[in-house]
Amino acid sequence: MRIFSKLGVVFLAATLAMSSLVHGPVTADAAVAPPTVNANAAITIEESTGKILYGKNPDQLMGIASMTKMMDEYLLLEAIGKGKLKWDDKVTISDYAYEVSQDRALSNVPLRRGEQYSVEELYQAVAIYSANGAAIAIAEKIAGSEAKFVDMMSKKADELKLGAHRFVNVSGLTNSDLKGHHQVGAITDENQMTARGVAKLAQDLIQDYPEVLKTSSIAKKKFREGTSDQIDMTNWNWLLPGLIYARTGVDGLKTGTTDYAGQCLTATAVQDGMRVITVIMHANGGTSAHDKTRFSETNKMLDFAFNNFKVMEVRKANAAVKDKIKVNKGKEDSVNLVTKDAVKTVVPKATTKPKLDEKVALDEKTLDAPVKKRHQSGHDGCPT
C-alpha cells in the first residue's frame, strides 16, 4: 500500500462483490429474458469480473471430455513460466502415447514411437487439434507418468477453487479408449467437472496465461510441416474466424466430445471491449463432433451477453474511499484509503449511472507505524 507524504493516503485493493464463480445466484440483471439453451448445463461469465450472466445447472457434475486439456495447458504454461520446461525441450514418445496417437477415430496427430518432438509442437497439437497422444506425451514429460500428472491436475483444481471435480486421465477420453494403459479409476471412468468450475478454469487460464489465446485462436496449421509426417490440423472450435461457423471476436478456447460428455465447448470472445466466456456441456443435438448444436447454443449465449451487458468503470484508480484506517504509534491517528486500480462492474447496457452501495472490508482494523508502501489492507466492494 502506498502512502502519500503528510496526507497519509493508503492504496486499497479494489474488488467487486457480485454474483461470482465461487458464490452467488446464477442470474442476469438484464430486462430481456435469457435464452433457452439446448444443453444439459451451461454458463456465461464476463471474464474480468467473473460476473455470471447466464446459468443452467452450473453446479451439476458432468463429463468434460477434451475440455480437460485446458488444465493440461495451464500446468504446461505454468511449468514454462517457472523455468521447469522450455518450448524447445524434446519429448520422447512412449509406447502409451504412441498407441493412443495411432487411433484416428480419436482426435490425434500420429506420433512415432521413440521419436523426439518439441514441447511446443506437441502443445500446438493439443491446443489446436485436441491431439490425445500429444497430451499424454506432455504429461509424461512434466510429471513422469500420467498418474502423477492427474494428481497435479487435482491439486491445481483445489488450489484454483474449481469446485467439485474428478480427474482420471489427461486426455478427457473414456479410460476404455486408452489401449489398456489407464492408470487411475475404472475402465469406464471419465473426467468430470461442473460448468461453473470449467468457466473458472478458463478464466484462470486466460488471466494467468493470456498467451494461450495466441494458439487457441489458430484455425488451421500443419503439424510437422515440410516433413513426411506432415498433418493438416483444423481447429475443432468452428466459431473461429475462417471456419464454418465463424464469429468475429472468438479466439478460443476448447471443445470436447465423448458419448458420456456429449458435445462440449468452452468459448471466449471479445466485443466492444468486453470479454465473455461461455461453457456448453452435453449439447442436446447429434452425438457427432460435426454436429452444430454446441456452436449454435454458444452463439445464443454470446448474443445475450453482448446485446444486454457492458463493463462500466464505477471508480477510477487512486479514487478516495470513505473509510479510514487507524494507525498505531504514528504521526497521524489514521490514514485515508484510495483504490489501487480502477473498479469495474458489469451492468445492463442501458445503465448510465449504477446504484452503488460501497462497502470496505478491512483485513486489518489498525496499522502499526511505519506503514510500508503498497501494504494491502482491504477490499472496496461496490455491488450493482
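Cβ atoms are placed via backbone N, Cα and C, with glycine included.
Per TrEMBL, active site, proton acceptor is recorded for K69. Annotation comment: TrEMBL describes S130 as active site. Residues annotated as substrate binding site in TrEMBL: K254. Annotated compositional bias 'Basic and acidic residues' per TrEMBL: 354-371, in sequence order. The domain 'Peptidase S11 D-alanyl-D-alanine carboxypeptidase A N-terminal' annotation in TrEMBL covers 31-284.
Features per TrEMBL, on structure.
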residue	record	CB count, 10 Å
K69	active site, proton acceptor	27
S130	active site	29
K254	substrate binding site	33
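K69 (active site, proton acceptor) sits 8 Å from S130 (active site), counting Cα to Cα.
Each residue contributes its Cα atom, and for K254 (substrate binding site) and S130 (active site) those atoms are 8 Å apart.
Annotation note: the residue listed as 'active site' sits in a coil segment as assigned by DSSP.
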